[in-house]
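In what follows, a structure is listed as structure tokens, so that the remarks can point back to it.
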Amino acid sequence: MKVLVFVVALMAVALADEECDTLTRLKVKAQWIEAYSHGAARHAFAQAIWRAMFKLSPDSLDLFKRVHASKEADHPEFIAHANRVLAGLDISISLLDQPEALKAELEHLQDQHKERHIPDEYYENFGKALLHVLPAQLGRCWDKEAWSHCYDFIVHGIRGH
Amino acid sequence: MLRVLVLLGLAAVMVNGDQYCCSAEDRHIVQDQWDHIWTDTESSQVRVTLGREILLALAKEYAEVNDLFKDVDIAHPEGGKFSAHALRIINAIDFNINLLDDPEALDAALDHLADQHKVRTGVKKVHFQKIGEILNNVLIHVLDNYNALAWKACFKGILGKISSKLQA
């Protein structure tokens with residue numbers, strides 16, 4: 001029995017992707033549910049992330065012209081878009097512990113982003129924006145390193161490199 | 001002047017006409033009840049299962065739906081591809097419920113979903129009507145205090161708009 005537990009534990013370690021390992025994923029999942037919340041709070045959360053993003057990368061506003069992006073991120077079309085993006089992130093994070101489905105979702109997101117030629121810098125800055133707003137939602141109970149590793153893992157899947 | 005006011009008032013009633021079908025109270029009921037499904041850490045398993053059940057129930061009723069979901073591997077509903085898609089559908093529902101308080105943003109979101117479905121040849125309005133019925137049946141089973149009237153009132157508008165650009 002002990003041997004079996006040990007072997008399973010070893011396998012879990014081997015399967016983990018670098019630093020976004022099994023336990024880190026569970027932590028991120030739990031913290032995300034708290035931060036993502038619902039209704040008006042989710043609204044504010046989404047808006048805060050995008051405002052931070054546009055502050056870090058003002059040029060990226062151009063990419064979102066079609067959905068009426070602005071520094072204030074307050075146009076109804078953009079609010080819908082901002083929420084769509086977070087919903088995609090929500091799916092990825094929710095599936096962190098279901099590897100097969102996660103792989104399918106990341107491939108799907110990769111297809112959606114392929115044509116858009118998004119510079120690395122935007123992905124990095126979106127991560128920075130996210131990691132900047134999360135502690136405001138979660139207070140002390142958040143783990144920056146865990147988030148940083150799992151965000152990188154997800155972005156890696158979306159970018160395909 | 002009075003006539004203009006009366007006309008404006010009438011116009012306002014007409015513009016807001018469909019909102020009475022999903023009142024503020026209805027929206028709050030729907031949002032509160034949906035939260036019960038959502039907030040548990042392991043809710044992603046529940047969500048995937050719900051989405052899977054809804055799509056499979058639809059395919060059972062309309063055989064042609066199996067073809068529409070071929071790319072997401074509906075033949076293997078437990079597999080990764082279909083599981084991810086099931087979660088995508090449920091997240092769209094979640095997303096719409098959470099935008100109920102912001103009619104303009106909700107409208108933009110539904111319009112986007114309508115566009116995404118318009119290009120999928122073979123998707124029909126009756127499919128969405130059926131999804132409404134299925135959702136109703138599923139939620140009765142998973143929610144303790146399921147309020148069918150509020151849900152139907154709000155989802156009639158949501159599903160109606162998503163399917164509004166379909167030909168058939």
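Going from the start of the chain as shown, residues are counted 1 onward.
Note that Cβ sites are derived from N, Cα and C of the backbone, with glycine treated the same way.
Automated prediction, rather than curation, is the source of TrEMBL annotations.
TrEMBL lists A:H113 with the feature heme b binding site. Neighbour density for A:H113 (heme b binding site): within 10 A of its CB lie 15 other CB atoms from the protein chains shown.
Sequence annotations record features per position, and here TrEMBL assigns disulfide bond to A:C20-A:C150. Long-range Cβ contacts of A:C150 (disulfide bond) within its own chain (separation 6+, distance under 8 Å): A:C20, A:T24, A:R25, A:V28, A:I93, A:L96.
Taken from TrEMBL, the feature domain 'Globin' applies to A:19-161.
The signal peptide annotation in TrEMBL covers A:1-16.
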**Request:** Would you mind giving the whole-number mean pLDDT across the domain 'Globin' (A:19-161)?
**Result:** 93
**Fill in**
The correct three-state DSSP answer for A:C20 (disulfide bond) is strand
